[in-house]
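Written below as structure tokens is the structure these notes are about.
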């Protein structure tokens, strides 16, 4: 035993002896590290002692014990007892898997399923040519079987496997496996099913793969690591996440060890299902078993934490990669950048991007698109423009999506001149010429800036160039024309858009509603309502119903609920805002208050009222001007009743009108201030916060008492 091991082993022992360990041999080393070598070549033992030397044994059995005596206590407690058959190194134990919800097993080994080795087949060339014929034939079973009749050699196991592995269309692989089963040339093995499943996976045919797996179980054919890996990865690709979990659970019940591909796939499945705890539990258990995550696994973790906006989780991923010395690839960087954006960390995203560039990686179109979106959302115009210059100077790849993202960023940041330069750059490019979304972004820029002439000119250019107008571009242009009170042009653009195939959606209908609320002339109102009638007849009928004083509240309530049920969630509050504005413009204040009540009842204004022990707040930032005025009137009436009933009041009151940057609140603060003054309400502009109006409890009580006194004197 010693002779055979001495030629192949290089054993290292670290011996730590305590002072109280008097039963063990007395081993004293003058230096902290000493190397001993036996006479047999290649057998080396390294022994480390602790820095403090142990006390000598009171009764040493030998003054200078030899090496075998020193190792004898270790051999009896640490090394396994030799057996008669143990004359070589044992192989790794069979791979097993653990249930993530149960304690992990003691021994795990990462070992990919071994593929069968093939001997040279002199008929390979002929069989591959025949496989090409099968690939080229019609997909019908009759045509396939007809070609199979001309097979050049008998379908032995090796020949059949070679042909099956050469079939590219998944239909052909399935038909060939079916034919093999009917001929009974030889017993079918796992590998035949695996090859067929692989072809089916490329065709995203999960149901057929699962059918083959069930057939294997019924016929008692072993499902190996590759079988389960194919099932799980295909289920993930086809978004059958519950099936992926089901087969994964069956896999570890059969004591099979997942490989790195299966690990990454099932982590992704758990992450997409939102099972964060299961992901972390599975990750920790896999790490404990000796698995080293690849960049794909870290990409899955980064995306999961990004979706949750969990910055600490993103930091955890970065720390894990650093501790395991895993160099992020471009996919991981893209995922982490996107996660940083969702977590609201633009500064860290910028630092991570700089780290990526310094590491020698060249960003692709997706990297730059993600970063531009982050800068645009954070309103970092300077950084966005610097990034644009960097793209041009370094020749980084740019595609149409990236160009359009830059244009949308310019629209969000009101960078009209920069957008025009970028748009001209696109026109000069052969690969990234402006499309419908590019023109839409420019229409949005001109419309937001009130540049009506340029918007109309761009619309005419689209018609001449044959660029299709989408509903978003139509909405931007109509909104621009409506604000400019160019109703005739609005009607013309609407008519042309409908003829060119634009189908009105809720956003366009909301735009028309807002223009109706802005119109002062009844003639203009009728023209815009005619467009609304063509776009949404039910909404047009409700506007007519709402503006009739004789309509009962119950009828009005039922019709309003029906309109909301047929409207997209994001358009419901704008609809209600615009309807309130229309009612106020027609002096239907009671109906406006009813609409505000119904909007609050149906959850359209969840943050309108906020109460704490010390402060009550009215937040009108998501309301239109008319709706904000209505909300203020309603609030002051409620406060008057509370004061009259002598109920408890907080120390402070505040009203938040914002700074005018919200799309439904532009100029709201000034209009709200005017209405506060008109009502003689006891609110004053806050010096610390723009768009915030404050009042004390004493101010509110005094205001109510003065109104009551004034009313009594008038009576």
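Here the Cβ of each residue, glycine as well, is placed from N, Cα and C on the backbone.
Positions annotated as compositional bias 'Polar residues' by TrEMBL: 60-69 (among others).
Annotation source TrEMBL lists compositional bias 'Polar residues' at 85-99 (among others).
TrEMBL lists 618-701 with the feature domain 'Smr'.
For 47-114, the entry in TrEMBL reads region 'Disordered'.
Annotation source TrEMBL lists repeat 'PPR' at 224-258 (among others).
The feature repeat 'PPR' is assigned by TrEMBL to 259-293 (among others). Counted with DSSP, the repeat 'PPR' (259-293) comes out as 26 helix, 0 strand, 9 coil.
Taken from TrEMBL, the feature repeat 'PPR' applies to 294-328 (among others). Beyond the ends of the repeat 'PPR' (294-328), by six or more residues, the same chain brings 260, 263-264, 267-268, 271, 276, 279, 283, 335-336, 338-345, 348, 356, 359 to within a C-beta distance below 8 angstroms of the stretch.
Under 8 Å from some Cβ of the repeat 'PPR' (329-363) lie the Cβ atoms of residues 295-296, 298-299, 302-303, 305-307, 309-311, 314, 317-318, 321, 370-371, 373-375, 377-378, 380, 383, 396, all in the same chain and six or more residues away from its ends. Among the features that TrEMBL reports, repeat 'PPR' is placed at 329-363 (among others).
Among the features that TrEMBL reports, repeat 'PPR' is placed at 364-398 (among others). Remote same-chain partners of the repeat 'PPR' (364-398), defined as residues 6 or more beyond its termini with a Cβ less than 8 Å from a stretch Cβ, comprise 330, 333-334, 337-338, 340-341, 346, 349-350, 353, 356, 405-406, 408-409, 412-413, 415, 418, 422, 432.
Helix, strand and coil counts from DSSP across the repeat 'PPR' (399-429) read 25 helix, 0 strand, 6 coil. The repeat 'PPR' annotation in TrEMBL covers 399-429 (among others).
Residues annotated as repeat 'PPR' in TrEMBL: 435-469 (among others). Outside the repeat 'PPR' (435-469), and at least 6 residues removed from its termini, the chain residues within Cβ reach (under 8 Å) are 400, 403-404, 407-408, 410-411, 414, 416, 419-420, 423, 426, 476-477, 479-481, 483-484, 486, 489, 493, 496-497, 500-502.
Taken as a whole, the repeat 'PPR' (470-504) shows an average pLDDT of 92 in this prediction. The repeat 'PPR' annotation in TrEMBL covers 470-504 (among others).
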Summary of DSSP states over the repeat 'PPR' (470-504), given as helix, strand and coil counts:
26 helix, 0 strand, 9 coil
